[in-house]
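K.L.:
Below you will find the structure I want to go over with you.
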Ligand SMILES: Cc1cc2nc3c(=O)[nH]c(=O)nc-3n(C[C@H](O)[C@H](O)[C@H](O)COP(=O)(O)OP(=O)(O)OC[C@H]3O[C@@H](n4cnc5c(N)ncnc54)[C@H](O)[C@@H]3O)c2cc1C
């Protein structure tokens with residue numbers, strides 16, 4: 001082959017590789033370098049364990065089969081990922097990533113095992129049911145199917161996982177003690193987590209304690225469109241029979257069986273926007289209507305002027321509060337970046353930070369919320385909550401909270417000041433995250449004492465935004481890590 005042909009093939013290969021990685025990044029990402037490295041290490045360890053000092057292909061296949069069962073311990077260990085994430089002290093998304101990685105690894109190993117067994121005619125156990133349910137599990141886990149109906153995906157996923165375990169157990173040969181032990185460990189962990197989860201669930205909801213069950217009081221933010229009224233947000237207040245302590249940024253899984261025909265089989269995670277130092281007996285949630293249960297809820301919005309502003313009460317049960325809360329007290333400045341309903345994740349942190357400042361229990365001197373919304377209507381849904389924050393932030397006229405709202409369409413002005421204290425600005429268009437982060441990281445936005453040494457403190461950037469935005473912000477913050485800037489991605493990240 002001549003040198004030009006080699007050059008063309010190499011250049012074409014690099015181009016295709018870049019295109020492939022970029023497309024994969026958009027479809028399955030965003031991922032970080034650390035994430036990719038961890039996944040590759042995980043793959044390498046599994047490959048090593050299969051092929052290290054192996055004498056035959058059959059042996060490699062058998063090892064792959066056993067390894068698949070070991071890998072399955074994680075995906076099978078809890079019915080609710082939120083609960084498992086709490087046990088491990090990690091955020092829900094990380095737990096889902098581990099669940100996904102171990103699940104796909106087990107599927108690949110089992111596929112290898114079956115291929116080898118078929119080729120060498122040494123099918124140790126006929127995995128018919130297990131193979132079929134595993135194949136269906138894989139198909140149903142594809143993002144396309146998941147997006148069609150999340151709830152159906154979730155329930156069918158759980159049913160097929162059950163059939164898979166049953167099929168595998170039935171066909172394990174009686175002498176294969178190790179394989180049985182792996183499966184028993186997975187089932188044992190599952191049983192334990194289910195039991196403890198059920199006890200906490202019964203206690204938290206006051207069931208069998210004579211205190212009554214939690215109720216959800218639902219009200220709506222409605223705006224008038226040309227033909228119809230549009231529900232911008234659903235406000236849910238969950239009244240609890242037992243007060244509970246909720247850390248900033250935590251969420252609950254809400255079960256509201258009487259909202260619609262199928263709502264009894266659905267639980268949905270929502271961030272608790274209310275925060276207080278002690279326990280709360282009422283939790284507040286800000287819900288964006290989508291296409292499933294949240295849309296069913298929005299259909300209860302009053303249509304005539306007489307009932308406008310009224311609320312409806314539903315039976316509700318909860319699990320949680322779940323999730324990891326970021327410690328904010330040791331930072332001098334906090335920048336919260338939110339898009340759309342992601343502001344729900346930012347509000348409790350703002351409350352906590354203002355409380356810390358007012359009571360002199362934290363080092364915070366500046367809070368800046370940058371909120372990106374599509375329209376003025378979307379913004380109006382959270383205005384009451386933001387107004388309450390501004391009211392709390394009044395000690396000594398210090399005003400540490402600043403809010404910048406970027407509205408993509410319909411503002412009519414490039415920049416617009418709201419209120420008297422230069423604390424809230426509305427902008428038309430999209431935020432320039434590079435310059436916002438750079439300005440905040442410089443520390444110049446904080447008034448410093450001129451007659452004494454006032455050392456600049458650390459800065460925290462918190463994000464609750466779409467995948468694409470988060471990816472961009474990660475890239476910007478990376479340049480400021482050496483200046484002590486820390487990035488924290490909140491539990492709730494809106495998908496659009
Ligand atoms: C930790 C966390 C906190 C959240 N906090 C809030 C919040 O404060 N306010 C808010 O409006 N939304 C929040 N969400 C998103 C919210 O859970 C979904 O928008 C809601 O479940 C959609 O319900 P639906 O039936 O109308 O969804 P559908 O229209 O059927 O689905 C829309 C999308 O919502 C997601 N989704 C649906 N059901 C679930 C589920 N049971 N678990 C996880 N994701 C699901 C899926 O990505 C799906 O593609 C949070 C999500 C998580 C993971």
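Using N, Cα and C of the backbone, Cβ positions are placed for all residues, glycine too.
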K.L.:
Please identify the range among 6-24, 215-233 that TrEMBL labels transmembrane segment.
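P.N.:
Going through 6-24, 215-233 one by one, TrEMBL flags 6-24 as transmembrane segment.
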K.L.:
Of the ranges 181-203, 250-272, which one does TrEMBL list as transmembrane segment?
P.N.:
181-203
K.L.:
Residues sitting near the transmembrane segment (130-145): Cβ under 8 Å, six or more positions beyond its termini, same chain?
P.N.:
27-28, 100, 103, 107, 110, 114, 153, 156-157, 160-161, 163-164, 167-168, 171
K.L.:
Looking at 72-92, 104-124, 152-169, 181-203, which one has the highest count of Cβ pairs under 8 angstroms to the transmembrane segment (36-52)?
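P.N.:
Selected stretch: 104-124, with the most Cβ pairs under 8 Å.
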K.L.:
Six or more residues beyond either end and a Cβ under 8 Å away: which residues meet both conditions relative to the transmembrane segment (104-124)?
P.N.:
42-43, 46, 50, 57-58, 60-62, 64-65, 67-69, 71-72, 75, 130-131, 134, 137-138, 173, 176
K.L.:
So which residues does the transmembrane segment (72-92) touch in its own chain, when a touch means Cβ under 8 Å and the partner is 6 or more beyond its ends?
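P.N.:
Residues 98-99, 102-103, 106, 158, 161, 165, 182-183, 185-187, 189-190, 193-194, 197, 251, 253, 269, 319-320, 322-324, 489, 491 contact the transmembrane segment (72-92) from elsewhere in the chain.
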K.L.:
Can you give the mean pLDDT for the domain 'FAD-binding FR-type' (215-328), rounded to a whole number?
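P.N.:
Value for the domain 'FAD-binding FR-type' (215-328), mean pLDDT as a whole number: 88.
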K.L.:
Summarise the domain 'FAD-binding FR-type' (215-328) by DSSP state, stating how many residues are helix, strand and coil.
P.N.:
12 helix, 54 strand, 48 coil
